[in-house]
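Copied over from TrEMBL:
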type	residues	note
ACT_SITE	K10	active site
ACT_SITE	D136	active site
BINDING	P94, V95, A96, A97, G98, L99, A100, G101, G102, S103, S104	ATP binding site
DOMAIN	66-144	domain 'GHMP kinase N-terminal'
DOMAIN	197-273	domain 'GHMP kinase C-terminal'
Amino acid sequence: MVIYEKAPAKINLTLDVLHKRNDGYHEVEMLMTTIDLADRLSFEKLDSNQVVIASENRFVPNDRRNLAYQAATLIKERYNIKEGVRIHLDKKIPVAAGLAGGSSDAAATLRGVSRLFGLQLSQEELQEIGAEIGSDVPFCVMGGTALATGRGEKLTPLPSPPPCWVVLAKPNIGVSTKDVYSKVQFDDMRHPATKEAISALKQQDFKTLCTTLGNVLEPITTSMHPEVLQIKSRMEKTGGDGVLMSGSGPTVFSLVAKEEKADRIYNSLRGFCSEVYAVRMLR
Ligand SMILES: C[C@](O)(CO)[C@H](O)COP(=O)(O)OP(=O)(O)OC[C@H]1O[C@@H](n2ccc(N)nc2=O)[C@H](O)[C@@H]1O
Ligand SMILES: Nc1ncnc2c1ncn2[C@@H]1O[C@H](COP(=O)(O)OP(=O)(O)OP(=O)(O)O)[C@@H](O)[C@H]1O
């Protein structure tokens with residue numbers, strides 16, 4: 001039996017950091033939503049008690065550094081499963097992009113392995129296991145749109161943004177999430193208008209949603225990598241309705257109401273940046 005799971009990318013509509021915690025993590029408040037850019041994973045049982053990962057993408061590790069490997073191992077240990085699993089990972093989400101690709105693969109693996117071995121775990125149980133792998137994993141288990149607090153693992157579901165296009169561009173640079181968080185400074189921080197963004201979601205008010213987008217990590221990443229700002233300003237000039245860096249970056253996205261405009265922004269960025277996507281928001 002082969003089980004298939006889709007692992008969609010996320011974008012941060014807002015990302016605020018409230019304070020640094022004693023455990024080294026930062027207390028956050030962020031609005032996240034899934035988009036129609038997804039990895040595809042398949043799962044098959046193995047007689048031998050091992051986890052095997054296969055992926056054609058040379059940037060993705062196929063050993064225990066892979067978050068999907070960690071997810072499969074954790075769930076096998078916790079439920080004392082003695083059979084193994086072969087995971088095939090068809091990678092479509094750009095790697096180290098701020099789009100939670102690895103976290104979403106881990107979440108899809110928790111769902112897939114749970115189904116493969118008939119564990120019948122609830123979403124809450126999968127989220128709880130996911131939090132042991134990474135802060136973004138519980139959201140990726142849940143999907144849709146949510147307010148994430150704590151270190152990102154406490155979730156309140158929200159209505160998804162009104163239907164629109166999302167154009168994304170990832171400059172060819174690597175950004176370490178840990179490094180970006182380590183540079184957070186609270187003086188002069190410009191906090192995003194999270195409450196207004198939540199009410200824009202509730203009222204399905206696309207215009208207000210676009211004006212409330214905000215990410216306190218953006219100035220940190222752009223100060224290290226000015227090319228992120230160049231992409232942002234190009235998206236703004238070509239008519240993006242709301243433009244922001246996702247997560248710790250470096251991917252910049254633009255929400256766009258009209259398809260023709262999304263095409264225009266996509267084409268204008270193609271000559272400038274090697275990884276550009278135009279996708280729909282997931283409802
Ligand atoms: C930037 C975001 O992607 C926004 O959604 C997340 O906040 C980061 O989520 P993630 O990549 O799943 O993060 P983790 O793997 O849990 O943590 C990576 C590193 O980021 C820092 N980190 C992460 C989350 C958080 N709330 N505070 C932190 O300070 C910590 O140094 C941690 O060692
Ligand atoms: N399944 C996976 N897919 C991609 N990268 C993975 C995976 N598992 C582990 N990694 C490693 O994790 C690093 C970060 O990759 P990932 O694509 O998850 O970053 P990200 O999108 O910036 O994550 P986040 O938005 O959660 O901070 C990569 O450099 C890669 O070596």
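Using the three backbone atoms N, Cα and C, a Cβ is placed for every residue, glycine included.
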For the binding-site residues P94, A96, A100, G102, which sit with their CB under 6 angstroms from an atom of ligand 2?
A96, A100, G102
Per DSSP, how many helix, strand and coil residues does the domain 'GHMP kinase N-terminal' (66-144) have?
45 helix, 7 strand, 27 coil
Which recorded positions of K10, P94, A96, G102, S104 contact ligand 1 in the sense of C-beta under 6 Å?
none
Spatial neighbours, same chain, of G102 (ATP binding site) - Cβ under 8 Å, 6+ residues apart:
N66, L67, A68, V95, G134
Near-site residues: ATP, ref P94, V95, A96, A97, G98, L99, A100, G101, G102, S103, S104, CB cutoff 8 A to centroid:
A9, I93
Whole-number Å value for how far K10 (active site) lies from A100 (ATP binding site) (Cα to Cα):
6
